[in-house]
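Pulled from Swiss-Prot, these are the features on record:
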BINDING   C167, C169, C185, C187  Ni(2+) binding site
DOMAIN    1-95  domain 'PPIase FKBP-type'
REGION    1-69  region 'PPIase first part'
REGION    76-120  region 'IF-chaperone'
Amino acid sequence: MKVEKNVVVSISYQVRTQDGVLVDEAPANQPLEYLQGHNNLVIGLEKALEGKEVGDKFEVRVQPEEGYGAYSENMVQRVPKDVFQGVDELEVGMRFLADTDIGPVPVVITEIDGDEVVVDGNHMLAGQELHFTVEVVAAREATLEEIAHGHVHGAHSHDDDEEGHGCGCGGHHHEHNHEHNHGSCGCGGH
């Protein structure tokens, strides 16, 4: 079966930055399962998978424009420390969901300067070329429900990220409307 729109595809993969740093992977015994053609992966990877078949192995370089976008200085802001009410001790690297005019935006603390905190709302892989090594492990027709919802339902789907654009940031919610992540953030796990 060819990979095309409305096909549920299982892939094993590794993704590295242009510097060769491994940022995420899904081994063949725990593949990533997604619905093709519904923007559940970074655009460049989904395009590269189109037309492939089970058993195909390939490598693809995804430019920022078809990955997580360009890095934007406008996404970096200084905010008063007191906006983090309820957090006992702030540390560089902490992740939160910031309430904005456009809705919640994931941010990471990059600097603490007295009573001010610098937060960065860019995706951690923004501005980076990504190098994927991929194998198509399985493919099947999607159910009508999966097509209607735009994502896979089942045992091997990953729902770490509502947008399905690859960042398995995890985290837990605090009562003060921020999300804080103790772990790392890869670009694959949906």
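Quick reminder: no glycine exception, Cβ is built from N, Cα and C everywhere.
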Mean per-residue pLDDT in the region 'IF-chaperone' (76-120) works out to 92
Across the region 'PPIase first part' (1-69), DSSP yields 10 helix, 28 strand, 31 coil
